[in-house]
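The following features are taken from Swiss-Prot:
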- 42-98: coiled coil (COILED)
- 87-203: region 'Disordered' (REGION)
- 120-132: compositional bias 'Basic and acidic residues' (COMPBIAS)
- 135-144: compositional bias 'Acidic residues' (COMPBIAS)
- 165-177: compositional bias 'Basic residues' (COMPBIAS)
- 178-191: compositional bias 'Basic and acidic residues' (COMPBIAS)
- 192-203: compositional bias 'Basic residues' (COMPBIAS)
Amino acid sequence: MDNTSLLTRGGEIYSRKKGKKQRLEEIVFDKEKRKEYLTGFHKRKVERRKHAQVQLEQQKREERLALRKSLREQRKRELAERLAFSKELNSSLENDEESSQQEDSSSKSDSEEESSMEPKTTEYDEDDKHVTVEIVEDDDDEEIAYPKEGFVTPRISPPPDVPLRPHKPKNAAKKKFRYESKFERTQDRRKEKIRRLKKKIRR
């Protein structure tokens with residue numbers, strides 16, 4: 001080996017190593033995947049749209065479930081309120097019935113006492129006439145104890161009830177039609193239900 005080859009040997013090794021480092025790897029494309037990517041823009045767009053629709057339907061379903069749950073809870077609350085209200089009405093009606101029974105019993109005892117009282121008789125003597133008057137105290141028209149013998153004043157029947165024609169106002173101002181809000185409609189419905197419940201309970 002001569003001196004020049006020894007001195008230039010390092011340069012050759014360096015150039016070989018440098019060539020290995022700077023050598024670029026070959027890029028190889030998968031033809032099928034490349035073709036699918038380049039021709040599948042519409043397909044991917046449709047898939048994205050379908051995915052968005054599925055998500056939207058799922059969101060709507062969750063909203064419907066939440067709404068049903070809130071409506072169920074609201075109905076339960078309204079039912080509890082109605083039950084409490086009907087219990088109060090029943091208790092008040094029972095109290096009214098008890099008080100009316102007590103009043104009836106007291107009025108019956110009063111009427112019995114009055115009926116036990118003897119009628120007052122007074123006699124009037126004049127020149128040619130002798131008149132006997134019997135006074136009976138009773139509030140009930142149906143239970144008046146008329147004497148069997150003697151004169152009885154005839155009972156005058158009341159005039160028949162003739163329905164009068166209602167007078168219509170000549171210039172009745174028409175009420176303006178106005179749409180009610182949702183809150184007003186719910187309030188009106190509740191009032192109507194309470195009114196019906198009261199009527200049912202009274203029957």
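Each residue, glycine too, has its Cβ placed from N, Cα and C.
Long-range contacts of the compositional bias 'Basic residues' (192-203) within the same chain, counting only residues at least 6 positions beyond its ends with a Cβ under 8 Å from a Cβ of the stretch, are 82, 85-86, 89-90, 93. Counting residues of the compositional bias 'Basic residues' (192-203) by DSSP class, helix then strand then coil, yields 11 helix, 0 strand, 1 coil.
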